[in-house]
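Can you read through this structure? Questions will come right after.
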């Protein structure tokens, strides 16, 4: 339907009204019929939809929903250690324990035997100390130099000290060298626990390792006639010597 149709209907209605009025002038006795404009018009047509209105104000917060409860989450990390709590009250006294096992007679006998052996060792040690006091010895630092009072060659002197659980004396500093020379008789010599038998001209300690201290006489060591051993003289100076020389004092080191 076009927009001209309503107007056409209106014009038609007006025309009918005019025609009716003309008819009434000729026949007054007849009843007059009229056609209202509204009733005679064609049906109205719906217009286009209007624009959306503006959003209204925000509503109030609704009540919590009543959905299903979710699963429990994983445990969180352990928190920091709390402060030490106060000491609790003292507990009740416990029951009396069982009687301990008595020490057997066999254990008593073992203890008695050990005590007797200790007394024997103490007596022996006392005698050894007295015997040692009759010999020449000197303490220096943590060392003790003991003169055997005997003269041997190098190998026999080394063996003698080893039997006593010691080694041939070998001073490692000036203080030890001075203490060692004080044990030597005038115009005498004592073997030192060093040798260059393994490498000529390179003296080593018998226990291994190069020398950390020496006090050689001027021009020594000179390796005269295969002199692989060394001695300390009463002056404190060192000299290389033939190891087979048996006229040398033996001084041990503890």
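Cβ atoms here come from the backbone N, Cα and C positions, even for glycine.
Reproduced below are the annotations present in Swiss-Prot:
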SIGNAL    1-19  signal peptide
COMPBIAS  51-66  compositional bias 'Basic and acidic residues'
MOD_RES   58  5-hydroxylysine
MOD_RES   61  5-hydroxylysine
MOD_RES   93  5-hydroxylysine
MOD_RES   96  5-hydroxylysine
DOMAIN    140-250  domain 'C-type lectin'
DISULFID  161-252  disulfide bond
DISULFID  229-243  disulfide bond
Under 8 Å Cβ to Cβ from residue 61 (5-hydroxylysine), same chain, six or more residues apart: give me those in sequence order, or none if nothing qualifies.
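Sequence-distant Cβ neighbours: none.
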If you count other C-beta atoms within 10 angstroms, which of the disulfide-bonded residues 161, 229, 243, 252 is the most crowded?
229
CA-CA, which of the recorded positions 58, 161, 229 lies nearest residue 93 (5-hydroxylysine)?
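Answer for the nearest of the recorded positions: 161.
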Closest of the recorded positions to residue 58 (5-hydroxylysine), Cα to Cα, picking from 96, 161, 229, 252?
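Going through 96, 161, 229, 252 one by one, the closest to residue 58 (5-hydroxylysine) is 96.
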Around the Cβ of residue 58 (5-hydroxylysine), how many other Cβ atoms lie within 10 Å? Please give the count over every shown protein chain.
6
Across all the protein chains here, work out how many other Cβ atoms are within 10 Å of the Cβ of residue 93 (5-hydroxylysine).
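Total other Cβ atoms inside 10 Å, all chains included: 6.
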Just to be sure I understand the packing, how many Cβ atoms besides its own are within 10 Å of the Cβ of residue 96 (5-hydroxylysine)?
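The answer is 6 other Cβ atoms.
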Could you put numbers on the helix, strand and coil content of the domain 'C-type lectin' (140-250), residue by residue per DSSP?
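Reading the DSSP string over the domain 'C-type lectin' (140-250) gives 18 helix, 36 strand, 57 coil.
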Between the Cα atoms of residue 252 (disulfide bond) and residue 243 (disulfide bond), find the distance and write it as a whole number of Å.
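Checking the Cα atoms of residue 252 (disulfide bond) and residue 243 (disulfide bond) gives a distance of 17 Å.
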Return the average pLDDT for the domain 'C-type lectin' (140-250) as a whole number.
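The average pLDDT of the model in the domain 'C-type lectin' (140-250) works out to 94.
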Please report the distance from the Cα of residue 243 (disulfide bond) to the Cα of residue 96 (5-hydroxylysine), rounded to the nearest angstrom.
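About 77 Å separates the two Cα atoms.
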